[in-house]
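Q: Quick one: structure below, then a few questions.
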Amino acid sequence: MALGTLFLALAAGLSTASPPNILLIFADDLGYGDLGSYGHPSSTTPNLDQLAEGGLRFTDFYVPVSLCTPSRAALLTGRLPVRSGMYPGVLGPSSQGGLPLEEVTLAEVLAARGYLTGMAGKWHLGVGPEGAFLPPHQGFHRFLGIPYSHDQGPCQNLTCFPPDIPCKGGCDQGLVPIPLLANLTVEAQPPWLPGLEARYVSFSRDLMADAQRQGRPFFLYYASHHTHYPQFSGQSFTKRSGRGPFGDSLMELDGAVGALMTTVGDLGLLEETLVIFTADNGPELMRMSNGGCSGLLRCGKGTTFEGGVREPALVYWPGHITPGVTHELASSLDLLPTLAALTGAPLPNVTLDGVDISPLLLGTGKSPRKSVFFYPPYPDEIHGVFAVRNGKYKAHFFTQGSAHSDTTSDPACHAANRLTAHEPPLLYDLSQDPGENYNVLESIEGVSPEALQALKHIQLLKAQYDAAMTFGPSQIAKGEDPALQICCQPSCTPHPVCCHCPGSQS
């Protein structure tokens with residue numbers, strides 16, 4: 001048997017004999033430069049750093065859109081959010097739309113393979129009438145979490161750090177307090193934020209233990225609210241990080257990762273559990289020291305520059321994945337087809353934008369991904385993709401700043417930088433210039449034939465991609481209905497402030 005055939009046979013046997021448990025940890029508004037393993041000098045992230053040391057650390061891992069709702073849709077479906085209608089912007093508490101039920105999620109793929117599926121944390125893919133778009137209707141057997149960002153409701157009277165440090169800012173006004181849901185039932189409204197991460201960890205432990213008792217593999221999607229603004233943490237992490245509220249929030253996220261890994265170890269499942277860590281988009285730089293760090297990369301959340309779309313990513317599976325660092329291209333879109341391959345689950349009968357990178361993970365080959373296409377948070381079919389990376393080169397056909405990346409020293413990041421077309425496109429060699437500082441088409445040494453050929457190829461890729469892409473009907477354009485806001489006391493008055501059932505401080 002040829003060596004390549006042997007590797008394929010081993011991978012096939014792995015996917016059918018004993019599919020691994022899957023722990024997918026998704027951080028919120030975390031920058032490329034925020035973790036210790038990615039070079040931050042003062043972050044306290046020992047558990048994540050341990051995953052990086054014992055697993056595969058990606059240097060070139062991307063999300064297709066640098067905003068919460070579309071990025072989460074891409075992660076769970078393996079499809080660009082313009083296909084599923086998850087644009088423009090984000091869904092809110094009153095949104096009538098959501099992730100269409102005909103979209104096939106990673107949870108549905110794995111549930112059909114026999115997995116016990118659960119989600120803890122931030123959903124942000126719609127609520128809908130009677131909770132029609134919530135996780136229990138999208139393939140998750142169990143759900144404990146908040147259906148959108150925790151700043152999408154008034155927070156001026158909430159405690160973010162114990163014993164009584166209030167949340168910074170006022171968050172969104174005129175809405176119901178944020179609800180914590182257990183499946184489709186309101187558990188607390190609003191929940192005690194300093195105790196929220198601990199509740200998620202407890203929920204996750206129970207799910208993993210129950211799956212083992214049932215003799216089933218588990219899929220846990222742990223979508224932490226950390227490090228989204230306003231930051232919060234429990235007593236064990238408050239004022240402990242040395243990096244202020246953001247650092248405390250990040251430290252609690254790291255602590256949760258440690259607690260989850262301890263549970264996996266206590267259950268004797270370390271070599272049977274594939275752990276993936278990444279984040280939805282780059283840092284919200286407008287928050288300054290409370291907004292995270294994109295490291296060497298340009299701009300952050302809301303932009304198609306590297307700081308908005310390149311994310312830390314770690315994959316850990318002892319005995320199966322050799323520790324190291326990879327510079328291969330990969331995307332959050334790739335997780336669904338990759339996990340389907342590793343578990344022996346059939347792919348959904350839809351157009352997927354992700355590719356199977358299991359050969360890269362298992363050390364039997366390279367990533368088949370050669371290009372990454374980036375849409376802005378507010379896309380349209382006229383402009384199509386704003387930027388394309390192919391190999392080491394990235395071209396920006398359009399750029400646009402974002403309020404999320406205000407306050408930086410780079411005006412290209414700011415909301416005041418309106419939509420700008422570039423002809424010829426801006427072209428960067430990311431192998432030498434990951435910060436996108438030097439347009440190679442303006443090099444004082446002249447433009448190399450290689451760069452010109454790369455530009456020509458990327459221009460062709462964009463033209464072909466835009467021509468082939470069909471935007472799905474926008475779910476966000478369906479508008480809002482305040483009656484859809486979740487309320488623990490639906491007929492109470494005065495609405496929405498009467499929707500107040502805080503529960504216990506635990």
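Just so it is clear, glycine is given a Cβ too, placed from its N, Cα and C backbone atoms.
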Q: What does Swiss-Prot list, out of K239, K301, as binding the same substrate as K122, S149, H228?
A: K301
Q: If Swiss-Prot gives D28, D29, D280, N281 as binding Ca(2+), which of C68, C167, C171 does it give for that site as well?
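A: For Ca(2+), Swiss-Prot names D28, D29, D280, N281; of C68, C167, C171, the listed one is C68.
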Q: In Swiss-Prot, C487 is listed as disulfide-bonded to which of the following: C498, C499, C501?
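A: Its disulfide partner, as Swiss-Prot records it, is C499.
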Q: According to Swiss-Prot, the disulfide involving C488 connects it to which residue among C299, C413, C501?
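A: Of the candidates C299, C413, C501, the one Swiss-Prot pairs with C488 is C501.
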Q: Can you tell which of C299, C492, C498 is bonded to C413 by a disulfide, based on Swiss-Prot?
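A: Disulfide mapping in Swiss-Prot sends C413 to C299.
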Q: Measuring Cα to Cα, how many angstrom lie between C171 (disulfide bond) and K122 (substrate binding site)?
A: 16
Q: Which residues of the same chain, at least 6 positions away in sequence, have a Cβ lying under 8 Å from the Cβ of C413 (disulfide bond)?
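A: Result: L285, R298, C299, G300, T303, F305, G307, G401, S402, S405, D406.
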Q: Just to verify a number: CA distance, C501 (disulfide bond) to H228 (substrate binding site), in angstrom, no decimals.
A: 24
Q: In sequence order, what residues of the same chain, 6+ apart, have a Cβ less than 8 Å from the Cβ of N183 (N-linked glycosylation site)?
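A: P136, R142, F143 - these are the non-local Cβ neighbours of N183 (N-linked glycosylation site), listed in sequence order.
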Q: Which three-state DSSP class does C413 (disulfide bond) fall into?
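A: Where C413 (disulfide bond) sits, the three-state DSSP reduction gives helix.
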Q: Of the recorded positions listed here (C68, C160, C167, C488, C499), which is spatially closest to K301 (substrate binding site) when Cα positions are compared?
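A: Nearest in space to K301 (substrate binding site), counting only the recorded positions, is C68.
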